[in-house]
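Visitor: The structure under discussion is supplied below as structure tokens; questions concerning it will follow.
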Amino acid sequence: MKKENQVNLGRRQLLKSTAAGTVLTGIGGTLSFTPIVEGIAAELPAPLRRTGVGEWLATTCQGCTSWCAKQIYVMDGRALKVRGNPNSGVHGMSSCPRQHLSLQQVYDPDRLRTPMMRTNPKKGRDQDPKFVPISWDKALDMLADKIIALRVANEPHKYALLRGRYSHINDLLYKKMTNLIGSPNNISHSSVCAEAHKMGPYYLDGNWGYNQYDVKNAKFILSFGADPIASNRQVSFYSQTWGDSLDHAKVVVVDPRLSASAAKAHKWIPIEPGQDSVLALAIAHVALVEGVWHKPFVGDFIEGKNLFKAGKTVSVESFKETHTYGLVEWWNQALKDYTPEWASKITGIDPKTIIAIAKDMGAAAPAVQVWTSRGAVMQARGTYTSISCHALNGLFGGIDSKGGLFPGNKTPLLKEYPEAKAYMDEIAAKGVKKEKIDQRGRLEFPALAKGKSGGGVITANAANGIRNQDPYEIKVMLAYFNNFNFSNPEGQRWDEALSKVDFMAHITTNVSEFSWFADVLLPSSHHMFEKWGVLDSIGNGVAQISIQQPSIKRLWDTRIDESEIPYMLAKKLADKGFDAPWRYINEQIVDPETGKPAADEAEFAKLMVRYLTAPLWKEDASKYGDKLSSWDEFVQKGVWNSSPYKLEARWGKFKTETTKFEFYSKTLEKALQSHADKHKVSIDEVMKACDYQARGHLAFIPHYEEPYRFGDESEFPLLLVDQKSRLNKEGRTANSPWYYEFKDVDPGDVANEDVAKFNPIDGKKFGLKDGDEIRITSPVGMLTCKAKLWEGVRPGTVAKCFGQGHWAYGRYASAKFGVTPRGGSNNDLIADRYDRLSGASAFYGHIRVRVEKV
């Protein structure tokens, strides 16, 4: 058979399988047909060999926070191939490998195809929901009745909206409608993503956001756990440029495991989990003692003589700073004692190595960039690791410098819809003033996003609030694009919490672990192929805004999560007498050209995107970047690009209390003082309540906090290293066959297996060999998988990739759907702990485990 015939046969069989499969009717639901996808893998330069002529259509991948602009090759109504959008100024046609898995996502025969209703009133992991199909009208009628009942009872605050991954049209469903109903409980996933990562940049240079790294011009890259070519932000761009960067920059990766980026680096330092700040602080110490800090940015001694000597204090008046604040205070309070020898005792890293790295960074300055990652900072005391590592970017002058790092470029994109307070009645106005269910802002949970007490979300703690009914119970919940039972530490807490919610509706593409506890399932259109939306991304010195648009006809009776569903729900609420959301939608979210509201939910989905993006194409956006002539041009190109970032743009006007890069953070001092005053305690009492070790001025400077460990070392001798796969689309590729077939693209992993990786030294110690069935146990849970002996993991640790261990989601994700997991979920082992200053969940550094053969 010819290749082109094989391709078309595969496509026809795929169509047949997806049309013939059935929806789930509980655990025993029929899951027949395995799709054949030869057509997806084939190259497509000769479209005439197919049945028709194809075209590339622009969209955006929402599968991770890279938010890459894409083009979908569509022929005969089928999506066949994905590539980077060549109009992107960030990554061009480059893409990460997981883009291809999206094809298996959209054509997944196990996708939820129609609304479903629970018929088993009992909730629990061991309870078959016995879902049965219902109409959209019935599903939304049930949800609307529950919301109306809360308002009639004057308890609208007992409604909660839970958000997972989102696009920029989320504001209506996430915030506006939640507040109009009368609830403060719009709970995002952010604190299980990377909130602790933002603490260093914000409290040192005022950027509450993620940085872009000028790897094209870098001369030294120091990465604390970041894996740019596999799982860090903007993987497409870094995958394209990393090889060239290795030619002109020295790359050092600090990570307990040999990541994809570490495997290509000039030096890999397999550090003990939780000790990253030790190395960072020792490097800073050497930089000052050796006089290799970047003086044009930082400043110098007035007399020109270096007075930094290990263990000796320095007069503040002797040093004149330029664009920084508090260097000498930092030295005197802590840094003078953080010698390479001190660091070596803790980390085992040779002092000569530390000295060499510091000198190399000084020689390369200011074309120096220091990366942090989830692994280094999403720990129980991770704020200070984030601050300590980021301080090096200031010390070596990489901030806003060529070859360094800088924040995102300014764009005119709107990210919110008009204010809705005028539409709030007395019931809503009273309800939104209630404490949030995640308990943010309490003494023990500062969550200091952007310097505000309670300014950040504490996603995982919402489960504790719900299950303990503290500060109150949640009776009605709407959730979308999330699976917190699987993605949160100690996810079994969510099983308990959701079992207590009277009514929950879940918007989802697949029946997940979270869905298992739902009363109504609402099938979502796929974000990349069937949705209208808009996203942005940064990299390569520019910001891009890219569109999501339907490239194929939606396969089943699905609706778009952030537009069509809230529109339909608002109309249903209005029919029942509560018309505030409906009036707001039709009076405020109108077409930017005609001024008219949408005629139906399908038109509204596009209108929402037109509204937010109008400043790009309706107005002259050339002040910020590209000039677009029309909406149609934006849709066709799919991308708007900003002008290049202006180097040194923030020097002298950082958004900190001093307008300087703060080694002594007056910004953090102010935030902590505000939180302390709120609770009528001292800052030291705040630090104690939040389980940090710093007292006094130490709390405001980069310093070492001993890593928190959970579990007795004698019983649990190994430290867990939770890692992310380059094939993960945040856990949502688990029902893609290719995810397992190509699993060995992750260093040390094995195709079609779920393995935990042990150093051969530990393998010998615990009597393990490759392929052994093992049980890994922590103080809070256990999992089973297979052992893999591998030199790419530090002795004393066990590295395991997050992503497997589903007991729901579909036929490939689970061993037996609804019953038996395929492999093990890392989060079953990870105790519910927090970096309390940021509100971030701690996934790393603290979990001790033991291993035994099964």
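Please read every residue number as a count from 1 along the shown chain.
Glycine is treated like the rest: Cβ placed from N, Cα and C.
Dumping what Swiss-Prot says about this protein:
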{"type": "BINDING", "residues": "C61, C64, C68, C96", "note": "[4Fe-4S] cluster binding site"}
{"type": "BINDING", "residues": "R165, H189, Y210", "note": "arsenite binding site"}
{"type": "BINDING", "residues": "Y166, S190, K198", "note": "arsenate binding site"}
{"type": "BINDING", "residues": "C193", "note": "Mo-bis(molybdopterin guanine dinucleotide) binding site"}
{"type": "DOMAIN", "residues": "54-110", "note": "domain '4Fe-4S Mo/W bis-MGD-type'"}
{"type": "SIGNAL", "residues": "1-41", "note": "signal peptide"}
Visitor: If I take the alpha carbons of Y210 (arsenite binding site) and Y166 (arsenate binding site), what is the distance between them in whole Å?
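Guide: Given the Cα positions, Y210 (arsenite binding site) is 17 Å from Y166 (arsenate binding site).
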Visitor: The domain '4Fe-4S Mo/W bis-MGD-type' (54-110): mean pLDDT?
Guide: 95
Visitor: Would you list, in sequence order, the residues of this chain other than R165, H189, Y210 that have their CB within 8 A of the centroid of the site's CB atoms, where the site is the one recorded for arsenite?
Guide: T65, Y166, S190, C193, A194
Visitor: Per DSSP, Y166 (arsenate binding site) is which: helix, strand or coil?
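Guide: Note: Y166 (arsenate binding site) is coil by DSSP, not helix or strand.
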Visitor: May I ask for the distance between Y166 (arsenate binding site) and C193 (Mo-bis(molybdopterin guanine dinucleotide) binding site), taken between their Cα atoms and rounded to an integer number of Å?
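Guide: A Cα-Cα distance of 12 Å.
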Visitor: Could you tell me the maximum Cα-Cα distance in Å between the residues recorded as binding arsenate, namely Y166, S190, K198, rounded to a whole number?
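Guide: The span, Cα to Cα at its widest, is 19 Å.
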Visitor: If you measure from the Cα of H189 (arsenite binding site), which of the binding-site residues C61, C64, C68, C96, K198 is the nearest?
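Guide: Of all the candidates listed, C64 is nearest in space.
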Visitor: When you tally the Cβ atoms that lie within 10 Å of each candidate's Cβ, which of the binding-site residues (Y166, Y210) has the highest tally?
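Guide: Per the Cβ count, the most surrounded site is Y166.
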Visitor: What count of other C-beta atoms do you get within 10 angstroms of the C-beta of C64 ([4Fe-4S] cluster binding site), across all chains shown?
Guide: 21
Visitor: Whole-number Å distance between the CA of R165 (arsenite binding site) and the CA of C64 ([4Fe-4S] cluster binding site)?
Guide: 8
Visitor: Can you tell which of the binding-site residues (C61, C68, C96, C193) has the fewest other C-beta atoms within 10 angstroms of its C-beta?
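Guide: Counting other Cβ atoms within 10 Å of each of the binding-site residues C61, C68, C96, C193 gives the minimum at C193.
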Visitor: For each of the binding-site residues (R165, H189, K198), count the other CB atoms lying within 10 A of its CB, then report the residue with the highest count.
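Guide: Most Cβ neighbours within 10 Å: K198.
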Visitor: How far is it from C193 (Mo-bis(molybdopterin guanine dinucleotide) binding site) to C64 ([4Fe-4S] cluster binding site), counting Cα to Cα, in Å?
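Guide: That separation, Cα to Cα, works out to 10 Å.
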Visitor: Taking 10 A as the limit, how many CB atoms besides its own sit near the CB of S190 (arsenate binding site)?
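Guide: If we count other Cβ atoms within 10 Å of S190 (arsenate binding site), we arrive at 19.
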Visitor: Other than C61, C64, C68, C96, which residues of the chain come within 8 Å of the [4Fe-4S] cluster site, judged by Cβ distance to the Cβ centroid of those residues?
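Guide: So the additional residues around the site are G63, S66, W67, K70, S95, R98, Q99, V235, S236, K729.
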Visitor: Look up K198 (arsenate binding site) in the DSSP assignment and report helix, strand or coil.
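Guide: Where K198 (arsenate binding site) sits, the three-state DSSP reduction gives helix.
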Visitor: Expressed to the nearest Å, what is the distance separating K198 (arsenate binding site) and C64 ([4Fe-4S] cluster binding site) at their Cα atoms?
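Guide: Cα-Cα, rounded: 17 Å.
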Visitor: Looking only at the domain '4Fe-4S Mo/W bis-MGD-type' (54-110), how are its residues distributed among DSSP helix, strand and coil?
Guide: 10 helix, 20 strand, 27 coil
